[in-house]
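What follows is one structure encoded as structure tokens, with my remarks underneath.
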Amino acid sequence: MNSSTPTGVYANGNDHKKFKGDRPPCSPSRVLHLRKIPSDVTEAEVISLGLPFGKVTNLLMLKGKSQAFLEMASEEAAVTMVNYYTPVTPHLRSQPVFIQYSNHRELKTDNLPNQARVQAALQAVSAVQSGSLALPGAPTNEGTVLPGQSPVLRIIIENLFYPVTLEVLHQIFSKFGTVLKIITFTKNNQFQALLQYADPLNAHYAKMALDGQNIYNACCTLRIDFSKLTSLNVKYNNDKSRDFTRLDLPTGDGQPSLEPPMAAAFGAPGIISSPYAGAAGFAPAIGFPQGLSVQTVPGALGPLAVTSSAVTGRMAIPGASGIPGNSVLLVTNLNPDLVTPHGLFILFGVYGDVHRVKIMFNKKENALVQMADANQAQLAMNHLSGQRLYGKVLRATLSKHQAVQLPREGQEDQGLTKDFSNSPLHRFKKPGSKNFQNIFPPSATLHLSNIPPSVTVDDLKNLFTEAGCSVKAFKFFQKDRKMALIQLGSVEEAIQALIELHNHDLGENHHLRVSFSKSTI
């Protein structure tokens with residue numbers, strides 16, 4: 001690469017042309033190409049995007065083109081960063097930023113103007129990273145990491161009114177560095193976790209920023225301490241334990257078995273089970289959309305005032321182009337011939353209480369779905385976006401609308417807007433309802449309940465066959481014949497069957513309840 005002229009840096013790499021045609025993406029490189037960077041962003045803010053993944057060694061800002069090149073110390077760090085940001089678009093100053101590998105293998109910027117500021121920013125950031133610089137506002141004895149401090153945090157979650165999953169913890173704690181392993185368990189009736197970072201410094205910053213914060217509005221309070229363990233041994237990757245460095249681990253049968261020193265750290269190993277296996281991807285209220293003082297999403301208590309943006313990495317919640325904390329979803333790419341407000345009410349009602357649904361009068365493949373609160377909206381969005389419904393891949397994002405308006409009297413609406421706020425079919429009306437513990441992603445196996453004694457296996461199989469499903473397996477629960485599992489041909493079939501048959505009248509004053517199951521038959 002030509003280092004003597006500024007143009008040489010990007011002219012012969014052609015990075016900025018790569019989006020015009022269908023060129024294959026570049027092979028991994030430790031240099032990353034960033035696009036759509038807001039013009040007023042500082043060097044430190046761009047560097048902060050790379051920090052959670054490793055050392056940032058160089059940066060070139062092309063402000064006129066709203067682009068930048070970021071060089072990581074290793075290709076491995078760059079790959080981790082690209083893999084992380086592919087599903088979760090990073091935001092700078094609330095604007096989405098796009099990241100991919102560059103054609104360049106390194107940045108040579110010695111002779112370029114304005115690099116002094118970049119070097120100063122890199123030095124300041126690496127000083128914070130190495131712990132030689134206390135964070136502003138931190139008591140001095142907390143500003144540096146003590147020698148021998150563990151990279152493992154012990155996390156207790158108090159006021160657990162909403163499910164907190166391993167994925168949620170990973171999403172929150174990843175903002176402070178690379179999370180290697182997480183184990184969740186229940187001890188003394190409290191949901192707890194052990195979480196191991198790549199570096200004790202990451203653990204230190206996460207504890208400083210998050211201890212005492214609420215994950216969701218006014219509940220799920222984090223209590224964080226350093227663990228006596230210096231590393232975790234994870235045997236299974238499932239909803240209770242995960243080793244992010246070993247994707248080859250078996251899922252086990254749900255219960256992570258622990259090595260003897262781990263068991264000693266927990267007390268008796270028999271009690272390890274997470275109260276909430278489902279609900280992957282509740283949106284934490286701790287989304288870090290902007291600025292140096294990290295604001296929480298509206299509704300969460302208190303802003304997380306971490307002054308160093310370099311540490312927080314400024315990752316906004318995925319899909320937060322609408323209003324963070326909003327309870328209205330925009331649902332697109334629906335099948336206009338088959339979708340109905342009632343069908344969307346039933347489907348989205350699996351993840352929260354749906355108050356209103358509006359299918360767009362002029363564009364019937366789009367709809368607005370108003371949930372009871374922002375957490376339920378995020379949960380529905382995370383579970384349903386990308387699923388197939390009536391042959392089309394549904395997309396859900398946060399809407400820019402704060403509420404769904406009902407049509408005025410006399411206004412032509414064709415029955416496309418419906419108010420369900422007083423529906424008897426809401427699953428989550430009762431606070432602390434058991435249904436909160438049974439929220440699972442769409443699956444081909446459905447959980448059926450409220451079955452009257454006179455209804456037989458064949459009755460239920462025929463009911464689903466007549467609804468157009470292929471029934472692969474069926475079994476009643478041994479202890480309780482009011483419940484059963486039915487396995488259908490595909491997830492799409494199961495979604496459509498749930499829409500059609502939830503609340504189906506089975507006679508004897510019994511209405512069938514249908515949910516997605518975490519089990520298979």
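Cβ atoms here come from the backbone N, Cα and C positions, even for glycine.
TrEMBL entries are annotated by machine, without manual review.
Residues annotated as domain 'RRM' in TrEMBL: 30-114 (among others).
If you average pLDDT over the domain 'RRM' (153-229) in this model, you get 87. Annotated domain 'RRM' per TrEMBL: 153-229 (among others), in sequence order.
Residues annotated as domain 'RRM' in TrEMBL: 327-401 (among others).
For 444-519 (among others), the entry in TrEMBL reads domain 'RRM'.
Summarising the annotation, TrEMBL assigns region 'Disordered' to 1-25 (among others).
If you look up TrEMBL, you'll see 404-424 (among others) marked as region 'Disordered'.
Tertiary proximity for the region 'Disordered' (404-424) is limited to same-chain residues at least six positions away from its ends with a CB under 8 Å from its CB atoms, namely 328, 341-342, 345, 354-361, 364, 368-370. According to DSSP, the secondary structure content of the domain 'RRM' (327-401) in residues is 19 helix, 24 strand, 32 coil. For the domain 'RRM' (444-519), the DSSP counts in helix, strand and coil order read 21 helix, 22 strand, 33 coil.
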